[in-house]
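The structure under discussion appears below in the form of structure tokens.
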Amino acid sequence: MMLWQATPASLWQGRDDSAEAPNALRLFQTIARAERFAPQEMPGDIALLGFACDEGVRRNKGRTGAGHGPEALRRALANMASHQGHDRCVDMGTISVDGEQLEAAHQALREAVAACQRAGKRTLVLGGGHETAFGHGAGVLDAFPGEKVGIINLDAHLDLRFAECASSGTPFRQLALECDAQQRGFHYTCIGVSRAANTQALWDEAARRQVAVVEDLAVLADFDTHVLPELERNIAQYDRLYLTIDLDVLPAREMPAVSAPAALGVPLAILLRIVEPLCRSGKLQAVDLVEFNPQFDIDGQGARAAARLAWQIAHWWR
């Protein structure tokens, strides 16, 4: 596997409470770790993958540093308690960008995701900038060519930019073009969008692509009226679901460690209300958490918030 590296055992360290009781375990004690990329040979049905890349953020004129996200998030996860579902996780290593070669990294991630999915594993990818979503989403599309895949993005931004080259602002336009090329529907829902952070051109493109959008104000005003029906529609209409969480959807007070912190945002407690029914639906095939930038974290606050999201997803995933 090109651009792939196994995760060092040193990243999975934590407090050992096993002297108290046999089940006093933490994630670092229950996660399996692949020494080579062979998902069909590994136990568990949740493949944890890193995408150490922020070349897309650089191209999008953002604050770089998210390439260090996978390592920081693994460290944050390692010491969390291991409960139901967590022993299904296997660390399948990290795809790392080589210099500015984003397109090659995209292809490597795409192939790694498709291989994991075909081996019967759902994928939980730790980014990396939001360019992660193109490689991840394309891998899911490749693994399920005859099925309807719904894409749900929790994000302050639509990420449908027109640009000469791929970036962290283009992944869903790229996925739309990929769906066009494969002659399949592009089914995209974006929840938590800030109207103040997206130009009219992006809203026009969303309308042209028939994107279902729920703005941040609507999420905060009435969850049951604006959000729940969209979740229920996605679960009912599509065969598989791909959930991508841009951590800049969170308020800056909860998530300072991103390229573009949100002035308003959707709080973590509400994000968990969105995530739970998707995890329990039996249709959620893939999840990623992107844009975490440890360079801008404050006392590990952002890492803990992101890790709690990932922890909860693995716990609820059915």
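All positions are counted from 1 along the displayed chain.
Using N, Cα and C of the backbone, Cβ positions are placed for all residues, glycine too.
These figures come from a predicted structure and were not determined experimentally.
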**OP:** Could you look at His130, His136, His226 and say which one Swiss-Prot places alongside Asp155, Asp159, Asp246 in the Mn(2+) 1 site?
**Re:** His130
Original post:
For Asp248 (Mn(2+) 2 binding site), what is the secondary structure by DSSP, using just helix, strand and coil?
Top reply: helix
Original post:
Within the chain of His157 (Mn(2+) 2 binding site), which residues six or more apart in sequence place their C-beta under 8 angstroms from its C-beta?
Top reply: His130, Gly169, Val193, Ser194, Ala197, Asn198, Asp246, Asp248, Ala260
Subject >> Beyond the site residues Asp155, His157, Asp246, Asp248: chain residues whose C-beta lies within 8 Å of the centroid, for Mn(2+) 2 >> reply: His130, Asn153, Leu154, Ala156, Asp159, Gly192, Leu247, Val249, Ala260, Glu291
Original post:
Which residues, in sequence order, are found in the same chain with Cβ within 8 Å of the centroid defined by the Cβ atoms of His130, Asp155, Asp159, Asp246 at the Mn(2+) 1 site, excluding those residues themselves?
Top reply: Ala133, Asn153, Ala156, His157, Ser168, Pro171, Phe172, Thr244, Asp248, Val249, Val290, Glu291
Original post:
By a simple count, how many Cβ atoms lie within 10 Å of the Cβ of Asp155 (Mn(2+) 1 binding site), its own Cβ left out?
Top reply: 28
